[in-house]
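The structure under discussion appears below in the form of structure tokens.
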Amino acid sequence: CAASRQATCVAGCIPVPWLCDGEQQCPDGTDEQCGCECCSVPSVCGAKKVQCPGTHHCIPHWELCDRHQDCEDGWDEEGCPQQPCLPGQWQCRNRVCIMAEWKCNGIDDCGDSSDEDVCAPCPRGMVRCDEGKCILESLMCNDEDDCLDGTDEPSTCGESHGAAGHCPCGWGRGGATELFCVMSPLHFCSARVDIRSGDLYWLAFPHLFCPRTHVPCRDGTECVAQEYMCDGEKDCADGSDEDGCAQLCDTPGRSHSSYPCGLGACLNASLVCDGRQDCADGSDEGGNCSVPCQRSCIHLCYPSPQGPRCWCDSGYRLAEDGLSCTDINECLEQGKGACSQMCLNVPGSYSCGCFPGYLLEPNFHDCKLTGPEPKLLVAIQSEVLSYGLRSGHEEVLLTTDKDRVVFSLDYDLVERKVFWMDLATESIRWQDLDSSKKGTLVKGVRSDCIAVDWLGRNLYWTDGAAGRVLATRLGAAWRGIPEYTVVMDEDLEQPHSLVLQPLAGLLYWSEVGSHPRLMEATMDGSRRHVLLSQGLGWPTALALDLPTWRIFWLDEKLGSINSARLDGTGVKVLHLAWVQSPFAAAVCEGQLYWSERKTWSVQQVDKSSGKNRTVLLKRHGQPHGLQVPTWGSPEPCCASSAGPPTLHGPAI
């Protein structure tokens with residue numbers, strides 16, 4: 001047997017990870033007799049855990065010498081030094097020991113926030129909440145709880161008592177609790193109510209630096225994505241992202257009876273030349289307002305300071321002749337911004353529709369799933385949680401051994417089984433959610449991503465190290481010999497994320513090698529072609545949104561949320577600062593969900609705009625795989641266009 005990778009048993013050699021995994025592979029059971037020498041188990045624990053000798057059981061570093069026996073044989077409490085924590089560890093206020101480098105990492109590793117409370121001051125222009133995180137100073141006293149504990153909205157907001165003093169760098173006052181003044185072209189200072197004391201204080205800081213994909217707001221306190229400029233919504237607190245947008249009065253989404261004021265605002269044409277100054281600069285009055293309308297306008301004629309002009313009803317655009325009006329096809333110009341699923345253009349307007357299984361919301365734009373509440377399945381450490389996307393109800397669906405991490409997961413719509421990758425034992429396991437039966441599908445595999453073909457009854461996975469995509473039958477039962485088929489193993493450079501479209505017989509995957517790309521092929525590995533190969537950094541988390549016929553991916557290197565049509569066209573990129581270390585993604589209705597390993601959280605944003613970010617879950621453990629299954633057995637209405645791969649004996 002290969003000493004580093006295999007162990008010897010009576011019947012031959014078995015992989016080392018199969019030792020002490022709770023399942024007997026050797027006829028005499030010696031692979032489960034973990035007191036013997038052959039059961040020297042290699043480390044399967046991550047960087048933040050240690051392994052109990054002779055087992056697969058992992059414990060956090062802070063459970064070493066905590067006066068509590070966590071390893072079965074008590075090894076974690078043997079030979080402990082007299083000092084409370086080991087070298088390289090730091091003791092929390094609650095006497096828990098954590099690794100020293102975890103202090104001030106933005107995560108409550110202690111459980112009592114003491115590892116974050118002692119941190120250095122927040123970056124300039126930001127203040128720290130009691131809970132530990134830093135927020136922009138401009139978010140204080142804005143009548144919204146930006147700190148989870150609400151400490152940015154103390155009862156003293158709206159008062160100006162305390163050490164106000166004088167403006168040390170110039171002049172300016174902006175409200176009862178806020179003063180701004182200019183120091184230099186690159187600096188400004190502001191006065192805010194202190195979160196803890198309620199006193200007024202000054203903070204001077206340099207002009208905010210924004211990344212290449214963002215622009216600064218006028219007050220210099222925050223950056224917004226370039227895509228949000230002049231989109232009709234105020235994303236800057238001071239609204240400066242919507243200033244100077246006069247030239248966009250006739251862009252999709254705005255009224256086509258708008259008059260551009262000189263300073264940038266768009267004014268309804270009916271308010272022009274009405275004797276009242278509606279534009280801040282008065283540019284809507286005077287001039288040639290008194291000249292009567294005598295033009296042969298097809299729709300309407302309004303006076304203006306520039307003389308009479310023709311205007312069009314809503315849903316129409318003024319033609320080049322300046323007299324007639326042409327219909328606006330909102331479905332084409334606004335894209336998916338017009339309707340979330342189906343869009344029908346009619347003269348002067350449009351209407352939205354939904355696919356079967358969805359119901360049009362009262363806003364006549366969004367489509368909502370009918371039937372039971374959609375739920376998000378999330379793998380967090382050794383558990384799989386169910387999270388209600390409308391109620392927020394949480395439920396633990398399954399729990400594995402503490403030393404086993406549920407990595408990538410997927411769900412079988414037909415038999416209501418959850419499948420997941422177990423890296424500790426290099427196996428793909430399953431559990432029935434109705435009967436709690438569980439088992440092992442295949443062993444001897446290692447993958448970052450698995451995907452279930454509920455129609456063809458196969459399970460696919462990627463092997464990035466070997467550069468392969470493989471598959472096995474969902475009904476396979478582990479008999480000691482790996483049974484799987486290599487679907488693709490040529491010209492693949494580190495395949496990573498994988499998603500399936502069973503009804504069309506297609507699979508999509510990302511490659512994160514030296515030349516990252518998004519690929520498509522039929523489920524038997526044929527008819528392979530490149531969807532995208534430009535503008536990619538490290539596309540890690542893929543998700544299909546079939547109602548809009550788009551594929552979404554999160555790019556860890558570029559920090560972006562991206563999407564494209566399933567033919568590779570219509571690419572849309574949103575650069576967002578909170579995309580840091582995404583692992584898996586899913587789309588449901590109008591929202592995109594993804595797991596963030598760096599911040600140990602599951603988040604959601606509007607899939608079209610990237611706005612309205614919400615942290616749904618944050619646990620003391622890394623989230624990995626997630627899915628939004630459709631509960632209940634599906635009724636396949638058409639067959640796969642390219643049948644499943646032929647699965648037989650073990651692949652070589």
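Using the three backbone atoms N, Cα and C, a Cβ is placed for every residue, glycine included.
Note that TrEMBL annotation is computational and uncurated.
Sequence annotations record features per position, and here TrEMBL assigns disulfide bond to CYS1-CYS13, CYS65-CYS80, CYS85-CYS97, CYS92-CYS110, CYS104-CYS119, CYS122-CYS134, CYS129-CYS147, CYS230-CYS245, CYS261-CYS279. What TrEMBL records for 292-326, 330-368 is domain 'EGF-like'. Sequence annotations record features per position, and here TrEMBL assigns domain 'EGF-like calcium-binding' to 327-368. Residues or ranges marked as repeat 'LDL-receptor class B' in TrEMBL: 505-548.
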(message) Using a Cβ cut-off under 8 Å, which residues of the same chain at least 6 positions beyond either end of the repeat 'LDL-receptor class B' (505-548) come close to it?
(response) 336, 340-341, 355, 358, 367, 451, 453, 456, 458, 460, 462, 464, 469, 471, 487-488, 492-499, 554-558, 560, 562-564, 566-568, 571, 573, 582-587, 592, 594-595, 607, 640-646
(message) Counting across all protein chains present, how many other Cβ atoms fall within 10 Å of the Cβ of CYS110 (disulfide bond)?
(response) 23
(request) For the domain 'EGF-like' (292-326), give the DSSP counts of helix residues, strand residues and coil residues. (result) 0 helix, 11 strand, 24 coil
(message) Just to be sure I understand, if DSSP states are collapsed into helix, strand and coil, how many residues of the domain 'EGF-like calcium-binding' (327-368) fall in each?
(response) 7 helix, 16 strand, 19 coil
(request) Work out how many Å separate CYS104 (disulfide bond) and CYS13 (disulfide bond) at their Cα atoms, rounded off. (result) 47
(request) Calculate the distance in Å between the alpha carbons (Cα) of CYS13 (disulfide bond) and CYS134 (disulfide bond), and round it to a whole number. (result) 54
(request) List the helix, strand and coil residue totals of the repeat 'LDL-receptor class B' (505-548) as derived from DSSP. (result) 3 helix, 23 strand, 18 coil
(message) If you count, for each of the disulfide-bonded residues CYS134, CYS147, the other Cβ atoms lying within 10 Å of its Cβ, which residue has the minimum?
(response) CYS134
(request) Going by Cα-Cα distance, pick out whichever of the disulfide-bonded residues CYS92, CYS110, CYS134, CYS261, CYS279 is nearest to CYS230 (disulfide bond). (result) CYS261
(request) In whole Å, note down how far the CA of CYS134 (disulfide bond) lies from the CA of CYS110 (disulfide bond). (result) 18
(request) Using C-alpha positions only, work out which of the disulfide-bonded residues CYS92, CYS147, CYS261, CYS279 is nearest to CYS134 (disulfide bond). (result) CYS147
(message) I'm trying to understand the geometry here, so how far is the Cα atom of CYS261 (disulfide bond) from the Cα atom of CYS147 (disulfide bond), in Å to the nearest whole number?
(response) 38
